[in-house]
Amino acid sequence: RRERALLWCVLVAAWEAAWGQLRYSVPEEMPKGSFVGDVAKDLGLELTALRDRDLRVVDTGRTQYFYLDLQNGHLSIKERVDREEICAAAGKCVLNFEILVKHPMKLYRGEVEILDINDNSPSFPERNSVLEISEYTAPGTRFPLEKAQDPDIGVNSLQHYECSESPYFTLDVRNSDDSVKYPELILVKSLDREEQAVHNLILTATDSGSPVKSGSTIIQIIVLDGNDNAPEFTRSVYKVTVREDVAVGSRVLQVTATDRDEGSNAEVKYSFFKIPEKFDKIFKLYPESGEIEITEKLNFEEQHFYELDVQARDSGGLSSHSKVLIKVADVNNHVPEIVITSVFSPVPEDTPLGTVIAIFNVQDMDSGANGEVRCSIDENLPFRLERSFGNYYSVVTAEELDREEVAEYNVTVRATDGGSPALRSSAVLALRVLDVNDNAPVFAEARYSARLPENNAAGALVLTVRAADADWGQNARVRYRLSEGRVRGAPLSSYLFTLDSRTGDVRVTGPLDYEERKYYEAAVEGKDGGGLSAHAKVHIDILDVNDNAPTL
């Protein structure tokens, strides 16, 4: 049956993935390595491309129950999943996951529904309990019994109560507004302590799972003598709402019961009636006054509602019961948390508009408006925020980048919740702009001139050309060469002059003769590491020296 259910879940997941949402479902308690879903197939990705595109399950800082196998593209169980531990009594238990594809950067969201199996039996807090009832108690009186607990849900949860047969008692089961079943004993026949002082009943709770599981407790009923009237509460249900930041030691409510008897039979004392142990540590009930005090700090995110059974008992042994419902109001006491999922840095300066350069999500454990978070970045930046889904945001380019103007950006992401007063947090994305060869070299002068006497020494420096490039690194490294100029059919660079490609120094290779040539001209090219170039002219005048005698 488990294999058939798993196959059906995979088929449904594949259909839903075609609509852009990955959905799978698996039974709880599956062993590690168990198959959940074929992510590669559902996203339409080839197995050979999984590593190249760098797929991974996003780490949110919490327990990771699933992992992605890059060999076959399957999503598999990483940690044992106990539905009751994760979702308690929630009707639907869903674990969300995100798949990040880096090339190109894209985020897919998915969810895995954890299906309940009947792995828990109904159980009572105590295997034996004692109920004391006066022999004067009128037929029709109801006595609340300890309810059983079953962490499973649906048909696997507690469904029925049964009680062993007795001529004096019958069992009735009431359903509360939250569908919880409460067993109660109803007295159907008057008791006589002299005839039978003790009655023993077996209360059994069963679920409707396959196979059916059950749990039992023994109820010992002791018949008390005398005392005609039981205490009566002023209300059947007491309700109160308290803020989660209420101080420890605060008294939030007082219950009151009266007894129409006289003397010691009218003395009433209050106590909690079989409430969960953890509730007993949070609240204290004063037996004399009926005041309820908070003894531990409340936490709305852990428990936002408490239901307490209170008993009023007189000295003669008669008792009555009432319920106390305490609702915890959320207080804005959690700062929004920004979790950076991925950052693409450095960013090429020719990146197209709308390119995703970072993905992050924001979490706030508060509820309602206190948990609603708004994110923003500075408006004077060439980026903007786009909401992806849920609490995920993308930082995308909104304007063209220019490394020559701004080489680095520190983008501050701010998160503000809707509480009053609002709580805020921030995170900084350090983004470096990667240079692109979009600037050609520029010579300091369009025409360089020099005057040089004839008969100069070889290697003499004539002039220096200089070109600057606004780019960075290899793109800004300029090399020089003589591109024009010839003497007697030979290139100028090989005949009379040399140009240092790195420094731009122009030197002569030997002595010049004014009587042979009075000036020289050539073109100089400066080219950067990316292939962009610029040109300038070089003009050299030769100065005459009196190196010739007159002749007749």
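Numbers here mean position along the shown chain, with the first residue as 1.
In case you wondered, yes, glycine gets a Cβ from its N, Cα and C as well.
According to TrEMBL, the feature domain 'Cadherin' maps to 65-124, 125-233, 234-338, 347-443, 444-552. Sequence annotations record features per position, and here TrEMBL assigns signal peptide to 1-20.
For the domain 'Cadherin' (65-124), the most Cβ-contacting stretch among 234-338, 347-443, 444-552 is 347-443 (pairs under 8 Å). Residues belonging to the domain 'Cadherin' (234-338) score a mean pLDDT of 89 in the model. Per-class residue totals from DSSP over the domain 'Cadherin' (234-338), listed helix then strand then coil: 10 helix, 48 strand, 47 coil.
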